[in-house]
Amino acid sequence: DILAAFRVTPQPGVPPEEAGAAVAPESSTGTWTTVWTDGLTSLDRYKGRCYHIEPVAGEENQYIAYVAYPLDLFEEGSVTNMFTSIVGNVFGFKALRALRLEDLRIPPAYSKTFQGPPHGIQVERDKLNKYGRPLLGCTIKPKLGLSAKNYGRAVYECLRGGLDFTKDDENVNSQPFMRWRDRFLFCAEAIYKAQAETGEIKGHYLNATAGTCEEMIKRAVFARELGVPIVMHDYLTGGFTANTSLAHYCRDNGLLLHIHRAMHAVIDRQKNRGMHFRVLAKALRMSGGDHIHAGTVVGKLEGERDITLGFVDLLRDDFLEKDRSRGIYFTQDWVSLPGVLPVASGGIHVWHMPALTEIFGDDSVLQFGGGTLGHPWGNAPGAVANRVALEACVQARNEGRDLAREGNEIIREASKWSPELAAACEVWKEIKFEFEAMDTL
């Protein structure tokens, strides 16, 4: 069975047992009345069952309802169909004041019907020939308004300075000021020029997201013809069907696939309604993607440490034990489904590098947009500063130093022999984003 953990807030006067019992049939075989066609099938075989209800500690009138769904309810290899059933009509149910899907347990019998990520972590490292450290990226800014040639110039400067990747912002598709084909051409030129000068394999996340699946695949085909290593998709706004189609194309044609989660906070930010990001992360691992944005813990975007690391490990690891302290409601066995690299992006700069290296480890992408392009000396020096800071943190960690305790000292030591890093340290020494996370247990 697929197991689901729902946070249920019943309407006043509705017992939690009744609310939990209402969720199970509405998201499986039930309707509001008995119908004569019920007798033409075996409802006991197909109906969802609420098998346990427990109160949420510290919250009034909130309960976790556990529901089991038989696998025969779901089409194989379709995240779209799975979500249509589990989170379809039930969220509008009048007996419920609010409902949130906290977690899913996907059994191997179902997860094995999915291709999953086009390539996975190990294959990506082999393609890039980069090991033993996090990968470095940068989102090109301003996100909208640049011409294709100036955009390509910024890509080249960042890659030449030492970054592994640059990125289209999620908003960048094919607008009047920069059509997609022009952007792809200038970015490919920037990649090849930077590779020739540095001797390293480089990439730019070319956003293939489009208004139709046919147009999306056309853009991915052109990227493949240019010989670039990676494309990008906005998987929530683009949709799971489109994402799975693109993931299949990417595996068949040797392209890595970077996933942006634009629109996720509409779904996952409210504590008692919607769907937790760990569910969206599991769905993405099945639908397919080699990278996905996962918050930073220390930057400008939402993310509490233990909860963030809970779904980061769900993306990377083959097997994860139930751990309620990290928000993981079920033991999850991914069997041989490839892993996904978490991307830390949003309001981060060189002073965050020790914490990011310590929190996310080697199998991650650390992405500095303003933290690269905002360098007072320009884009390439901004990239140099980030690469020097990363190499210093990795070396210090490998020598046994404590990044959490000695991080600032490690950055100061490195800045003594890197003027680019010293300038970055001076610019961003006072920048902090200290707001309380909404996503707490």
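Using the three backbone atoms N, Cα and C, a Cβ is placed for every residue, glycine included.
According to Swiss-Prot, the protein has these features:
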- Lys141: active site, proton acceptor (ACT_SITE)
- His260: active site, proton acceptor (ACT_SITE)
- Asn89, Thr139, Lys143, Arg261, His293, Ser345: substrate binding site (BINDING)
- Lys167, Asp169, Glu170: Mg(2+) binding site (BINDING)
- Lys167: N6-carboxylysine (MOD_RES)
- Lys300: site 'Transition state stabilizer' (SITE)
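Here the features listed in Swiss-Prot are placed on the structure.
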residue : record                       : contacts (Cβ under 8 Å, 6+ apart)
Thr139  : substrate binding site       : Thr166, Lys167, Asp168, Asp169, Ser345, Gln367, Gly369
Lys141  : active site, proton acceptor : Asp169, Gly369, Gly370, Leu373
Lys143  : substrate binding site       : Asp169, Asn171, Val172
Glu170  : Mg(2+) binding site          : Asn207, Thr209, Asp234, Thr237, His260, Ala262
Arg261  : substrate binding site       : Asp234, Tyr235, Leu236, Phe277, Leu280, Ile292, His293
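The Cβ neighbour count for Ser345 (substrate binding site), using a 10 Å radius over every protein chain in view, is 25. Across the recorded positions listed here (Asp169, His260, His293), the residue whose Cβ sits among the most other Cβ atoms within 10 Å is His260. Annotation note: Thr139 (substrate binding site) sits in a strand segment as assigned by DSSP. Largest Cα-Cα distance over the residues recorded as binding substrate, namely Asn89, Thr139, Lys143, Arg261, His293, Ser345, equals 37 Å. A helical conformation is recorded for Asn89 (substrate binding site) in the three-state DSSP classification. Secondary structure from DSSP puts Arg261 (substrate binding site) in coil. Other than the site residues Lys167, Asp169, Glu170, same-chain residues with C-beta atoms no more than 8 angstroms from the centre of those residues' C-beta atoms, the Mg(2+) site, are Thr139, Ile140, Lys143, Asp168, Asn171, Val172, Tyr205, Asn207, Met232, His260.
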